[in-house]
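Structure first, then comments.
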Amino acid sequence: MVAYQKGNNLSRKDIVVNSNEHTASTIEQQQQTTAVDNYYDLLRNVSLLVVGAGGIGCELIKNLVLCGVRNLVIVDIDTIDVSNLNRQFLYRAEDVGRYKAEVARDALLKWVPKCKVTAEVCDVLKWRPIDLSKYDVVLNALDNIRARSHINYCCMRAGIPLIEAGSTGYNGQVYPIVHGITACYDCHEKPRNKDIPVCSVRQIPEKAEHCVAWARQLYELIFGPDNDNNMLHDLDIPQIPDVDSITDSTAQKWVRDIFEYLFDTQITQLLTLDKVWAERQPPRPIKYPLHDESTSSFVKNGVNPSSISDMCSDERSNTDSSLFGEDLPPTKMRKTGNQHMVSHCKPTVHEETHNHSFGLKTMEYSNNSDISHRLVVKTMDELVKQFRSALLGFISHRKNILGSAIFDKEDPICVDFVSSAANLRMINFNIPHLSTWDVQSIAGSITPAIAATNAIVAATQVMQLIHLLTTRHISPGHSADYSLLRDKCKFVWIKSAVAGSAPLTRGALSSPEPLDEPNPKCAVCQQKVICVELRSLDDWTLESFASTICKMHMGMTMVNIDFDGRNLLDAEFMEEDESYSAKMQNTPLKQYGIVYGSILMVTCLDSGRQEEMQILEGLSTSADKFRLID
């Protein structure tokens, strides 16, 4: 057990071994202190990048600084929300609305003023491999698969070790990634897991699943018991009127107030976060219709219901419901592009009816064998009606569970509320929305974030970092690195339950396994990168690059060039379109955003050969305009 002497100025000499074994020799104590000194020196002199300052990130950066790290960069684009405060301990109520990276930096500097901590608020998807080359190790603390994959790609290209981590509920995993030695993040296909971690769905939802998680929490916030763990518990939702004396006008006003608060006021407040929307599409507030049966007010406010419907039909990706674990029942289908969409027939159930309890129009919720209405992607006007009727239907038909309701995917009122609220939020954030069937499937698979799991995962990350740094410090050679990594570094699973029944054979909650070797077919870590050193980027256009370097020196014929996920040069267009060809011949590389360190994907259409080419600039040999470096 390591103890620290009391005092404000601690040094390594202050570290002593406090052992219950009084017979322990002085030599053994010195050996343990020396081991501590070694990793302290390693951590003190290393430059680290932590990506993400959320649940795992807060625990991680705290551990790093307390273990001796003195050069740290924290990156996160998110702002602090009240729902973060119960598990992200670096943040306080007065920090709500500020950027996580900046608040985390300020908190660390209060603890260790001499520590060099830098905060960056940016979108990591814009990074290039060269941007990470200045760090010794990168530590991921992200909950976004796309961002994690991109960081993995940049680290593999830059040759920087990465320590990957993640958690879902009570489970988690940690593993180091070293290019050429271990499997990378993309070496194995990610399993389709129905569990959805609810971490960053309040402010910047990117997928329909995030909006569904938000809507489910909203249902329990409005109709369920008080729960400080509800991620939306701080929202100032208009109170439900007294259901025993409610009038038609009071109920309608309550519905309007809730709608305007959720889909207009809250979204308008988010628009003030300028840095967040600098490089992504900002959300759009939705106005409540002036007349419930009309869509005219939507059109006046710039949100056209027909355009939303078109977006659903034309832009939805992978609408196959099997992704959500269910098979579509037989129904009339129509084909739209390459996708099969349910025919937009008129909903045949949930017709509005007069409720005699207090004179309101609500939905008639009855069992009906015709489920075609659940497969239809509704227009905005239909979603507003569904949202209104679900609210009124609850206070009419579910008064007995008011204050104790929890999500029930078999309750049609509950499902209609979650579906309409989720889809309206998708419209807010320009996300193609879903049918009620799809929302119902997703809503049953939401896992909360657990602070204890995050703490265990972060501690394991630091342990793996120390093993990695020690390994590379002792033996920088490739072969020795491999054997030491296999011995020291592990893939560590954090499990929610032990395996087995016998006391002596059941598994541990923390389960280390040997690291996997790279997948030889991995397109990320096994893709060879060719460096192209140019004397000056100003001397090159896309056409000259393709003809001189790709064709003459690399033996390609029909050449396509892609960069940053978009096609820059199309070989077939070059042959068919003279104006396109002229543009390619006259436009410098820099005008396409290509700079030092950019990586181009070059494809030969005839042979299928594909190469990644990294652009370098500043060739010292003036006689040559370029040089290829394998």
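Glycine is treated like the rest: Cβ placed from N, Cα and C.
Please treat TrEMBL annotations as automatic predictions, because they have not gone through curation.
What TrEMBL records for this protein:
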type	residues	note
ACT_SITE	Cys199	active site, glycyl thioester intermediate
BINDING	52-57, Asp76, 84-87, Lys100, 143-148	ATP binding site
BINDING	Cys184, Cys187, Cys522, Cys525	Zn(2+) binding site
DOMAIN	40-472	domain 'THIF-type NAD/FAD binding fold'
DOMAIN	253-437	domain 'Ubiquitin-activating enzyme SCCH'
REGION	310-338	region 'Disordered'
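Ranked by Cα separation from Cys184 (Zn(2+) binding site), the binding-site residues Gly52, Gly55, Asp76, Asn86 are led by Gly52. If you average pLDDT over the domain 'THIF-type NAD/FAD binding fold' (40-472) in this model, you get 79. Counting every protein chain shown, 14 other Cβ atoms lie within 10 Å of the Cβ of Asn86 (ATP binding site).
Rounded to a whole number, the C-alpha distance linking Arg146 (ATP binding site) with Cys187 (Zn(2+) binding site) is 14 angstrom. Compute the center of the Cβ atoms of Cys184, Cys187, Cys522, Cys525, which mark the site for Zn(2+); besides them, the chain residues with Cβ within 8 Å of that center are Asn152, Met156, Ala183, Tyr185, Asp186, Pro518, Asn519, Val524, Gln526.
The shortest Cα-Cα distance from Gly55 (ATP binding site) to any of the binding-site residues (Cys187, Cys522, Cys525) is found for Cys187. Between the C-alpha atoms of Asp143 (ATP binding site) and Cys522 (Zn(2+) binding site), the distance comes to 22 Å. Of all the binding-site residues listed here (Asp76, Asp143), the one with the fewest other CB atoms within 10 A of its own CB is Asp143.
Across the binding-site residues listed here (Gly52, Gly55), the residue whose Cβ sits among the most other Cβ atoms within 10 Å is Gly52. Between the listed binding-site residues, namely Cys184, Cys522, Cys525, the fewest other CB atoms within 10 angstroms of a CB are found at Cys522.
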